[in-house]
DNA sequence: TCGTCCAATACCACCGAAGTTGTAGACAGA
DNA sequence: TCTGTCTACAACTTCGGTGGTATTGGACGA
């Protein structure tokens with residue numbers, strides 16, 4: 001009778017899970033060593049046989065399309081094709097019911113809070129010890145939303161809440177809108193964007209209008225500032 | 001025969017100085033304790049009588065207008081009315097020949113390199129011990145450009161050089177242009193800017209054209225990105 | 001001392017880029 | 001099938017960015 005119904009507080013979009021129902025997981029990380037180390041740890045500690053890996057967000061997306069959704073995902077924050085919160089938002093869109101764990105070297109408070117607001121099941125440090133790692137993952141897979149000990153959500157409650165709300169808004173962007181926003185945040189003009197995506201400039205404009213209405217911006221420069229304020233596309 | 005002509009390499013716009021010619025200095029810092037502590041240390045270690053202080057960039061500018069230029073300035077990086085490199089750029093414009101020392105709690109490499117490129121005489125940490133502080137200042141006042149030990153200019157030579165070049169370009173902006181750029185970087189529209197500065201929108205546009213030509217941008221979003229890349233107006 | 005030059009600020013008219021609104025097809029789920 | 005969402009496009013309005021021009025004040029040399 002493994003602990004069921006342990007979800008205490010703030011479920012994301014997590015279905016009822018228990019850790020032992022997680023049989024197949026997907027690790028998305030561009031660093032091969034980290035990938036292997038994680039996979040090995042999981043196999044040993046959880047007795048998992050099906051540990052899939054992907055080196056980039058694009059590869060992960062394709063693998064999910066071809067092989068179906070895993071039971072859980074571990075996602076690096078700093079992928080070559082999706083730095084920052086972007087990858088999380090995109091993946092959540094594709095598999096809304098699968099718990100996604102963010103993993104990263106840096107433990108900045110702001111980054112954690114946006115990741116959690118964007119629907120991550122938890123956030124763990126790459127430098128975590130094996131036991132702590134396993135324990136965190138198990139708790140996540142039982143439905144708990146797990147953040148690092150160092151994380152204090154309330155260092156500035158109001159500002160933090162605003163950022164969380166903003167992250168939620170960004171999470172409603174469609175894939176195409178996300179692509180366009182990324183290009184906007186690189187300073188590109190509508191015409192350039194239309195060329196890169198092979199669509200009409202008019203279409204780009206439509207998307208931009210939708211984006212700005214979703215994130216509550218009027219000028220494109222504001223959109224850039226908002227995206228940067230939650231580190232949607234992290235340049236660092 | 002105090003050491004004259006000790007300027008080794010990269011003089012900013014520094015006139016021939018020796019430390020004992022520095023008789024009057026100006027400290028600009030919004031933190032009163034830090035201000036007093038610095039002033040006291042300087043009085044004792046250098047035997048200075050004229051240590052002036054200002055709590056904000058605006059106050060500093062006015063004081064310089066009224067009481068004349070000091071022999072050296074110590075400038076906090078994070079002023080209420082000028083966060084980031086902006087304050088340095090503005091002050092350098094007002095008193096190009098006075099050595100300005102940046103002082104800050106954080107020792108980020110990128111910040112240091114832009115400050116130096118923008119013409120700072122040196123950069124010191126707020127957590128520096130008294131002896132090290134005094135020594136650094138003395139060397140600066142003898143013409144040396146002093147950076148913290150932790151600073152490695154070459155962690156990515158090419159990128160670093162580009163940032164330095166960019167900082168130099170920003171340093172050519174006139175005061176009005178700087179104000180306008182700051183408002184642009186807050187996501188404001190030309191009309192709002194014209195209202196805030198009480199000038200015609202057409203004039204705002206002229207300035208913007210000048211700004212963009214100076215920093216080599218075509219779209220205003222690019223201008224925002226460039227300003228952020230050198231932390232001209234630091235939001236942190 | 002008077003021009004002359006240059007830098008900075010200011011404005012207008014024009015045009016291309018950005019943003020709005022209305023419409024339509026493709027597709028998924030109820 | 002109907003409803004809602006995503007994507008796509010065009011016509012129109014508003015805003016941003018580019019010349020060209022005028023005025024001021026300070027620097028410099030004749």
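Easy rule for this one: first residue shown is 1, then count along the chain.
The backbone N, Cα and C atoms fix where each Cβ goes, and this holds for glycine too.
Bear in mind that TrEMBL entries carry predicted annotations, made automatically and left uncurated.
Taken verbatim from TrEMBL:
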DOMAIN    A:24-141  domain 'Response regulatory'
MOD_RES   A:76  4-aspartylphosphate
DOMAIN    A:166-231  domain 'HTH luxR-type'
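The Cβ of residue A:76 (4-aspartylphosphate) has 26 other Cβ atoms within 10 Å, all protein chains considered. When the domain 'HTH luxR-type' (A:166-231) is classified with DSSP, helix, strand and coil residues number 48 helix, 0 strand, 18 coil. With DSSP classes pooled into helix, strand and coil, the tally for the domain 'Response regulatory' (A:24-141) is 56 helix, 28 strand, 34 coil.
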